[in-house]
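Participant: Below is a structure I'd like to ask you about.
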Amino acid sequence: MRSIKCVIIGDGAVGKTSLLISYTTNSFPTDYVPTVFDNYSTTIAIPNGTASSPLELDNGNDKRGSLSSASSSPSTDRKLYKINLWDTAGQEDYDRLRPLCYPQTDIFLICFSVSEHASFANVTEKWLPELKQTSNIEGTSLYTKLGKYPILLVGTKSDLRDDPATQKKLQEANSDYVSQEEIDELVQRCGFMGYTECSAATQAGVREVFEQAVRYAIYEPESPNQKSANHTLTDELTTATTNTNGDKNIREQKQQPHHNNSTDSTLPKGSLQQEKEALNIKPTKKGQKDKIHEQSKSKGSKIASNNHHNKQAKPKTRNDKKKKKSKCVIL
């Protein structure tokens, strides 16, 4: 059975210990005792076939602490994990002691109260800088491969959003609950894995907090080498498909008969004759005179040719006549 180390941090009195007790014992503590250091251990069942990307896990969260994905659906195909929960003190007196439990942590939970803006502001002003300085969150595979910190942001005391006394108190202080828009912007800007809300008093969303934390902890992102290999294979397949289609097009072009682009070969005979008749423009008067001149010139050339032929013929002489007469026989 794989063991998951989960460390919970956040301001004092935001409900970290109450969250852990509510999850492990199904009860809500009524007395507040500041935590110095405590450790809880339990077994959690996670359905097989985790999401292929952390974004899919986050999309299953309705932002109010209930997952609509595989965590809430009944399934017999589950895998057991041992989750070790490390509770820490949020007071400044323990700033030097607290980082001793950070090494080899699989997932961090940074908690804040949805009704206290000061605890929400400390997420980026105190807790994230402390983790960067005293832990190895920037050396995890999630950060090196995805640019995401192994951190789940948790809003506690979600039941106070509908509490009239808390609403009145916030109005008197000219304040309000931490809005969902503020939370989404912080998660995106800081590179957290996701966000969820819960209430230890009503146990709403408590179980889903740790199921989601385990999913993030066991998620194994694709390495850059695997991505490069997959992209290379995809490019090769695309190139091969393109070349095959190109060769096919060339063969089809070679098999097609050659067509002349001239107008005479593309137009039908009837339409070609009509087009020629339409383009046959009647000659002008000047053109008629030129035609008559050409005809007379042609006749004159024929007469001249006949005269020349007659001149070349030899005329008969007197001697020729005498020779004919001398042929007569005298009896």
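Here the Cβ of each residue, glycine as well, is placed from N, Cα and C on the backbone.
The shown structure was predicted, so the numbers you read here are calculated from the model rather than taken from an experiment.
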Participant: Which candidate in Ser69, Ser135, Ser228, Ser305 appears in Swiss-Prot with the annotation phosphoserine?
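Facilitator: Swiss-Prot records phosphoserine at Ser228.
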Participant: Using a 10 Å cut-off on Cβ-Cβ distances across all protein chains shown, tell me which of the binding-site residues (Thr88, Gln91, Ser158) has the largest neighbour count.
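Facilitator: The most densely surrounded of these binding-site residues is Ser158.
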